[in-house]
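These notes are about the structure you will find just below.
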Amino acid sequence: MRNAELIFIPTPTVGHLVPFLEFARRLIEQDDRIRITFLLMKQQGQSHLDSYVKTISSSLPFVRFIDVPELEEKPTLGTQSVEAYVYDFIETNVPLVQNIIMGILSSPAFDGVTVKGFVADFFCLPMIDVAKDASLPFYVFLTSNSGFLAMMQYLAYGHKKDTSVFARNSEEMLSIPGFVNPVPAKVLPSALFIEDGYDADVKLAILFTKANGILVNTSFDIEPTSLNHFLGEENYPSVYAVGPIFNPKAHPHPDQDLACCDESMKWLDAQPEASVVFLCFGSMGSLRGPLVKEIAHGLELCQYRFLWSLRTEEVTNDDLLPEGFMDRVSGRGMICGWSPQVEILAHKAVGGFVSHCGWNSIVESLWFGVPIVTWPMYAEQQLNAFLMVKELKLAVELKLDYSVHSGEIVSANEIETAISCVMNKDNNVVRKRVMDISQMIQRATKNGGSSFAAIEKFIHDVIGTRT
């Protein structure tokens with residue numbers, strides 16, 4: 001009987017909501033006592049997100065969705081950092097969520113169901129007071145990796161000694177527990193270089209320490225060093241390595257162009273195995289004209305087949321590409337807009353991935369055994385790139401500290417060199433490591449695997465043993 005309810009509070013963005021929904025699916029499939037209620041906060045311009053939830057809800061039995069009323073006065077992004085804006089948005093929603101929780105807890109239990117605890121996105125840590133008022137445990141679901149968590153732990157403890165923002169161009173090297181190598185300050189999340197973003201992240205870092213536990217979208221196979229570090233931290237919340245939280249048969253991205261998707265997949269079907277490099281820079285990775293031209297020149301130089309998911313903020317692709325480019329690469333290259341990233345990475349023709357290093361994208365590429373070329377753009381992606389290249393030896397370095405707002409132009413020669421390195425099949429150590437990790441993490445999610453066991457432990461801790 002499903003009589004144990006968990007309240008899930010995700011950040012209302014696709015990149016955070018999708019793994020949240022998949023984690024809900026895992027819990028429901030793994031334990032027949034659990035049902036889940038999602039509280040969905042409302043932002044402007046999220047109709048695509050509402051449609052996605054409506055589409056996927058039919059495939060999630062024992063999950064219900066409750067809309068949090070829209071704020072009468074919404075925080076505005078203005079000159080704020082994104083992190084500061086999101087923190088303000090979540091904090092402003094706390095009273096609305098509190099009212100919903102009071103209603104749930106005061107209503108007669110339906111079918112004997114008891115609310116057992118909260119699971120909230122790390123941006124939603126201000127909701128911890130709602131859980132405390134209800135005398136319920138509060139767990140954080142971190143859609144990123146344990147390296148990021150180690151950095152946040154460092155930030156929480158370091159804040160007591162130093163309350164100043166980091167310098168973007170600093171050559172400082174940080175000794176962060178959980179990392180093997182010194183971490184360059186320049187690869188820290190971009191928010192930490194801006195005063196209000198720094199303040200928001202420090203507040204989140206301190207709130208992490210007050211949670212009952214932290215569920216992380218990673219596994220011991222991917223990040224043994226940082227996860228072993230947390231095993232020895234008696235005064236820090238329990239860390240559960242429950243990843244990879246990823247469904248290779250998931251519903252399409254809500255912004256996906258289905259016609260373009262079909263065309264891309266048909267083109268891949270005609271290509272030899274592991275012969276295509278896929279380039280995609282995420283939902284916010286729009287590129288400027290000069291950079292588009294350098295990428296195009298780099299693709300011409302390297303001579304490998306390519307599929308390029310190109311999104312720009314300027315005019316049309318034809319106006320940005322070098323004159324005659326499509327004619328010169330005819331037959332070995334294709335450009336599309338929105339692409340079905342999961343399906344593309346799963347395709348046997350794809351042998352490499354030039355990525356912005358969002359953690360969801362990294363998880364997908366590792367799952368399918370596709371090695372990455374690192375080209376971070378924003379948020380914590382620079383730290384992810386450093387983690388993948390220097391700590392884990394699972395990626396080829398193009399850039400580690402690139403920022404989409406820097407104005408830096410990456411040269412065609414640099415691009416050609418990195419792509420040639422990742423696509424080279426002779427003595428490719430990174431490719432072999434990635435393929436080995438792929439097999440290991442797929443085993444980890446099955447009964448008897450480490451991630452499956454971590455979910456079991458979380459269920460035991462929040463719900464208890466079966467009676």
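Keep in mind that glycine also has a Cβ here, set from the backbone N, Cα and C atoms.
Of all the Cβ atoms in the protein chains shown, 22 others lie within 10 Å of the Cβ of S361 (UDP-alpha-D-glucose binding site). Per Swiss-Prot, the feature UDP-alpha-D-glucose binding site maps to S283, 339-341, 356-364, 378-381.
Q341 (UDP-alpha-D-glucose binding site) counts 21 other C-beta atoms within 10 Å of its own C-beta, drawing on all protein chains shown. When Cβ atoms from all protein chains are considered, those within 10 Å of E380 (UDP-alpha-D-glucose binding site) total 26, not counting its own. A coil conformation is recorded for G358 (UDP-alpha-D-glucose binding site) in the three-state DSSP classification, outside any helix or strand.
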